[in-house]
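Student: First, the structure itself, so that you have it in front of you.
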Amino acid sequence: MIEISTDLIKAKKILENNDLVSIPTETVYGLAGNIYSETAIKKIFETKKRPLFNPLIVHIHDKEELVKIAIEIPEKAAKLASHFWPGSLTLVLKKNSAIPDIITAGKDTVAVRVPNHPLTLALLKSLPFPLAAPSANPFGSISPTTAQHVANYFQDDLSLVLDGGKCQNGIESTIIGFEDNKAVLYRLGSISIEDLEAVIGAIEIKNNDENTPNAPGMLSRHYAPKTKTILVNDVANEMPKFKGQRIGLLLFQPNDYLFPNTVTEILSETADLKEAMSNLYAAMHRLDKENLDLIIAEKFPNNNLGKSINDRLLRATKN
Ligand code: TXA
Ligand code: MG
């Protein structure tokens with residue numbers, strides 16, 4: 001049986017024992033283990049049913065710890081770290097040889113970030129090792145943004161979820177790497193491209209290149225409900241096509257139409273992108289429990305965080 005609690009001492013003991021704890025972050029809940037423990041790391045892959053070629057993110061409590069994780073840190077990376085950490089930015093850097101190959105799936109680079117959540121920062125500070133933490137969901141499914149989401153997924157496979165409340169940002173971190181000294185975006189996420197470019201200038205986007213899955217943000221089906229989901233430009237246009245079906249609607253903001261026999265999730269009453277982003281996964285979890293025939297999501301304005309939200313919605317629709 002899984003326990004939901006705020007007991008840091010218990011979390012620390014479990015992690016020191018080579019076992020796993022689900023940890024809160026400002027993006028989504030993670031499934032955490034000691035990066036140096038092969039037992040713990042193998043258990044992460046098994047519990048998530050995640051393929052071993054898919055590398056993990058290392059979580060540290062302070063950017064000063066970075067030297068233990070990575071080498072040859074580009075100037076732009078240092079700038080981004082100073083500006084956005086603690087926060088929802090993951091940097092892909094050349095790996096320090098101390099990082100086990102299983103963490104990086106044999107790559108010579110490592111993904112690392114300082115999460116912005118007081119409980120998890122306190123936990124990381126108290127531990128003599130960093131934590132590897134993928135999102136705490138079975139591979140491909142919707143990421144968890146509450147402790148209860150995690151418990152629903154891993155009732156029998158995990159002993160503790162550290163309860164840090166609802167994740168403030170609500171989608172995964174943005175992932176940036178460096179190729180020939182140029183910044184490259186591998187995964188859209190909860191810091192917008194615009195905000196990153198304001199600090200380091202132009203960033204090349206490789207988020208959608210499905211031929212080179214550097215980050216499985218890139219694999220086609222991801223962040224997906226079990227219910228069939230489609231993404232449309234205009235819900236009012238589409239609804240007549242699905243008469244008689246039980247429909248779930250996922251909308252950015254309130255609209256003027258009333259559709260009978262639908263379950264509607266409004267992500268922001270005031271059309272605020274950040275608010276919508278923080279509500280997105282919880283709304284998807286709820287709709288997925290409604291035994292619907294179809295979920296229809298409406299496209300977001302394709303700028304700033306709307307781009308990141310559209311990316312997740314698009315992946316939820318893939319087969
Ligand atoms: O917000 C987040 O980043 C959350 C929280 C828990 O921190 N974690 C998360 O982890 O989303 P996960 O494992 O679900 O996604 C990690 C992503 C994957 O797309 C993986 O391929 C990519 O990071 N990644 C890890 N190491 C990489 C590397 N060396 N090069 C490129 N991508 C890498
Ligand atoms: Mg994930």
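Placement of Cβ uses the backbone N, Cα and C atoms for every residue, glycine included.
Just so you know, TrEMBL annotations are computer predictions that nobody has curated.
Note that this is a predicted model, so its numbers are computed, not measured.
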Student: Where TrEMBL shows Thr27, Arg113, Ser173 binding L-threonine, which of Ala133, Ala151, Ala198 is named for the same site?
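Tutor: The candidate from Ala133, Ala151, Ala198 that TrEMBL ties to L-threonine along with Thr27, Arg113, Ser173 is Ala133.
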Student: For the recorded L-threonine site formed by Thr27, Arg113, Ala133, Ser173, which further same-chain residues have Cβ atoms within 8 Å of the site's Cβ center?
Tutor: Thr25, Val28, Gly30, Ile57, His59, Ser88, Thr90, Pro115, Glu172
Student: With the cut-off set at 10 Å between Cβ atoms, which of these binding-site residues ends up with the most neighbours? Options: Arg50, His59.
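Tutor: Result of the Cβ crowding comparison: His59.
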Student: Quick one: of Thr27, Asn54, Thr109, Ser143, Ser173, which of the binding-site residues has the smallest count of other CB atoms within 10 A?
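Tutor: Looking at the binding-site residues Thr27, Asn54, Thr109, Ser143, Ser173, the Cβ with the fewest others within 10 Å is that of Asn54.
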Student: Kindly point out which of the binding-site residues Thr109, Ser143, Tyr223 have a C-beta less than 6 Å from some atom of ligand 1.
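Tutor: Cβ under 6 Å from ligand 1: Thr109.
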